[in-house]
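A short write-up of the structure that comes next.
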Amino acid sequence: MRLLALHVHDFRNLPQVQLTPSAHATIAVGQNGQGKTNLLEALYFLATLKPLRAGRLSELVRWGSQGARVTGRFLLKGAEREIAVEVGGGTRQAFVDGKKASSLEDYFGGVSVVAFTPDDLEVVKGGPDSRRGFLDRAVFNRFPAFLRESREYARALKNRNRLLREGHTVDAVYLEAYDETLAKAGARIYSRRRALMAELAPRAQATFASIGRTVDPAVYNYRPAHLEGDFAAADETALAAMLRESLSARLRRDMERGFTSVGPHSDDVSVTLGGRSARAYASQGQQRALVLGWKIAEIENLEAAMGFLPLLLLDDVSSELDPERNAYLMGYLAQSGAQVVLTTTDGSLVRGAAADDTLWLDVHGGQVAVRADAEPPPAN
């Protein structure tokens, strides 16, 4: 897979951007607040239909404009394909080769990206919600249908919570119907997460062993809370039954609190180092190495599953890594042959990922300019 062309119109602070990215590294350099992260987010939004940062869709539209549009032309398995997404009025529309996409699966059609941001480096010491989001982005990259499936679960959860807030006046028959819907949708989420972890965790653990600077082994694990039974061996039907049982057992508590306390939305990813919680006991450098190991494993896992490398998006990550681990990452990017778009405030930090065909960009005040020379711009 290769991104051949990118056109961005009125996305965040970017009025117009037209690029022919390098087949290898495209590096955007600029000070904070100038728009380099917005360029990366435009690409991420194009490939996933989800913003890279939390917020409303309306925030993606440049101030004073009616709508935003991002268009990308890709080479996929020898054939060119154009996808586009428009945002306006708080909604988004997706297009494939100039026509409205018939489904999410039709839209994605093999386009895959892996994003790596400074916020990701804080995942290990963050809260469960950040680790769930981190896991679910990886699940979506591996199984694009997960976007639709997670939305189905979110709708079912919202409906059940609405009924729970009615307290003891709620009709048990209605609640049972919502429990059934939620259990089936939740079982699918469990199954997707479990499948991804089975593929990715061993790779991440092996990568960490080479960069962690410790003999302590890393273990990444996902095991839902409040489920009784053999999670590892259960099929989706059994998982749904396990979730239904947990929903029933916690019904009184849920009615008192007005929300659903069990399900995929309340789970966590366990990361341990030498058998101890990495969140509590690992150093900051080790925590970041654990995340770096995960991201490299995600890239390698997607290549193994799809037969090609995803597009890589790195947002000023180098400034947050120590020199040794940054050198490891830059060397990996250069050797992998992947197409990568990086942002940085200092071009010297990412020189290790550059090649003769690297496209260097200067970003200032929402304007993106291609540098005529091949040398990285000096640090300011």
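Think of each number as a place in line: the chain as shown, counted from 1.
For all residues, glycine too, the Cβ spot is worked out from N, Cα and C.
These figures come from a predicted structure and were not determined experimentally.
What Swiss-Prot says about this protein:
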type    : residues                                               : note
BINDING : Gly30, Gln31, Asn32, Gly33, Gln34, Gly35, Lys36, Thr37 : ATP binding site
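If you draw a 10 Å sphere around the CB of Gly30 (ATP binding site), it holds 24 other CB atoms from the protein chains shown.
Using the Cβ center of Gly30, Gln31, Asn32, Gly33, Gln34, Gly35, Lys36, Thr37 for ATP, the list of other same-chain residues with Cβ within 8 Å runs, in sequence order, Asn38, Thr343, Thr345, Val363, His364. Here the binding-site residues are Gly33, Gly35, and the one whose Cβ sees the fewest other Cβ atoms within 10 Å is Gly33. In sequence order, Val363, His364, Gly365, Gly366 are the residues of the chain that are 6 or more apart from Gln34 (ATP binding site) and have a CB within less than 8 Å of its CB. Residue with the densest Cβ environment among the binding-site residues Gln31, Asn32, Lys36, Thr37: Lys36, by other Cβ atoms within 10 Å. According to DSSP, Thr37 (ATP binding site) sits within a helical segment.
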